[in-house]
Amino acid sequence: MIKRYFVTGTDTEVGKTVASRALLQAANRAGYRSAGYKPVASGSAMTAEGWRNGDALALQANSSVALSYDEVNPYIFTEPTSPHIISAAEGRPIELARLSAGLRHLELRANWLLVEGAGGWFTPLSLQYTFADWVRREQLPVILVVGVKLGCINHALLSAQAIWQAGLPLVGWIANVSLCPASGMRNTWQRCAVCCQRRCWVRSPICLMLSARLWGRI
């Protein structure tokens, strides 16, 4: 049976890739054939192999299945801006069918798949649809990364409710406390746990990388 998860965040730059890398490492230790998938990535640098996105490279490096860069990241854009803006500017529309085809391909090679989104839950991929529309089409269980900072309780609750309203399971969430002053940390992430109706798996993506206890919960 193939396990599939979609990692989203309450915002951009909240630790999705660090959490994704940690989850892949834990899957590897548990003996799964893991594959990371970053279907859409904005912001890249020119390398000897061509344009590459750092988040996608991290997923590629931490997958136990040997994957080409194109298998991990079919849509790469140069500027670090919203996908629907940069795809229109570059004349390369994002097709949901292509995202799904990439996922089907990885399902033939791995039995544990982690898909990392871009930005937050409703990041637009075009003027007609968002990342959430594709996740709902694929019926992917969701893992939410919460950047613990001022305003995050509202962000976490809005994200969790949107995931539930899409009819998708929110299987767990990760609090990235590195964004929050220590004085407000505990009360904030505990309140987020109440809002999300799930116990926080771990309070830092870095700590997650050191722990495999998560595997009793997903």
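Quick reminder: no glycine exception, Cβ is built from N, Cα and C everywhere.
Under the heading ATP binding site, TrEMBL lists E13, V14, G15, K16, T17, V18, D55, E116, G117, A118, G119. The secondary structure of G119 (ATP binding site), as reduced to three states from DSSP, is extended strand.
Taken from TrEMBL, the feature Mg(2+) binding site covers T17, D55, E116. Around D55 (ATP binding site), the same-chain residues at least 6 positions away in sequence with a Cβ under 8 Å from its Cβ are K16, T17, K38, A41, E116. In the three-state DSSP classification, D55 (ATP binding site) falls within a helix.
Taken from TrEMBL, the feature active site applies to K38.
Long-range Cβ proximity for S42 (substrate binding site), meaning a same-chain Cβ under 8 A and a gap of 6 or more residues, is found for N53, F77, E79, P80, T81, S82, P83, I86, A118. Secondary structure from DSSP puts S42 (substrate binding site) in a beta strand. Marked as substrate binding site by TrEMBL: S42.
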Inset, instruction - Using the structure shown, find which entry in G15, G117, G119 (the binding-site residues) has the sparsest Cβ neighbourhood within 10 Å. - result: G119
Legend entry - Of E13, E116 (the binding-site residues), the residue whose Cβ has the fewest other Cβ atoms within 10 Å: E13
Inset, instruction - Among the recorded positions listed here (T17, K38), identify the one with the smallest other-Cβ count within 10 Å. - result: T17
Legend entry - Three-state secondary structure, which DSSP defines for T17 (ATP binding site): helix
